[in-house]
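*Asks:* Below are the features listed in TrEMBL for this protein:
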| type | residues | note |
| --- | --- | --- |
| DOMAIN | 14-88 | domain '3-octaprenyl-4-hydroxybenzoate carboxy-lyase-like N-terminal' |
| DOMAIN | 126-202 | domain '3-octaprenyl-4-hydroxybenzoate carboxy-lyase-like Rift-related' |
Amino acid sequence: MAMTWKFKDLREYIAFLENKGDLRRITTLVSADFEITEITDRMVKQGGPALLFDHVEGKSMPVLINMFGTIQRSAWALGVESLDELTARVRDLLGTVKEPHRGVIAKLRALGSLAHFASFHPKTIKKAPCQEIVVTGDDVDLSTLPVLTCWPEDAGPFITLPLVISKDPVTGVRNVGIYRMQVYDRNTTGMHWQTHKVGAHHQ
């Protein structure tokens, strides 16, 4: 029988990886400028574990990196032992939709599979785990975040894969996109987006 997991939050996933021996804690003080990325680059090329840097120079929070760096860790994060299990589930679900079901019994069985689709609808909740800490206005200070400077030719620290939420000024429709952001100072960033991207039309 295939094993499955459900992680309530990132903390549970970290504990899971640590229990599997697939996460290494680095307790030595490290710099967010080049050092973390140099260590990570070496570990990734060796197929090494996820890395949790507990003490980053001048920062109050740790850095978790390479957590999806192998096929196995990606599978665990998606709640399965093997990505083949996920492929089989998707194939079965799509087969339920595409294949005609002859007879009442076959149709009733298909309803059980289709119930999975009902859980895919987004849910609106009043309190989200990602909003345990909310900082606004003059309290915003990006220098407290351990944003990495990855390469000597980079102009500064970059938030490489942020989820940027923008809103169409006319329709009010929201967009979530990944646009690389350079941190300029405590509350200013530069955004990199091409003119054909949706977010570029929300300026």
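Cβ coordinates are placed from backbone N, Cα and C, and glycine is handled just like the others.
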*Asks:* What is the three-state DSSP composition of the domain '3-octaprenyl-4-hydroxybenzoate carboxy-lyase-like Rift-related' (126-202), stated as helix, strand and coil residue counts?
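*Replies:* Residue counts for the domain '3-octaprenyl-4-hydroxybenzoate carboxy-lyase-like Rift-related' (126-202) by secondary structure: 14 helix, 22 strand, 41 coil.
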*Asks:* Pull the DSSP breakdown for the domain '3-octaprenyl-4-hydroxybenzoate carboxy-lyase-like N-terminal' (14-88) and write it out as helix, strand, coil residue counts.
*Replies:* 30 helix, 15 strand, 30 coil
*Asks:* On the 0 to 100 pLDDT scale, where does the domain '3-octaprenyl-4-hydroxybenzoate carboxy-lyase-like Rift-related' (126-202) sit on average?
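*Replies:* Across the residues of the domain '3-octaprenyl-4-hydroxybenzoate carboxy-lyase-like Rift-related' (126-202) the model's pLDDT averages 90 on the 0 to 100 scale.
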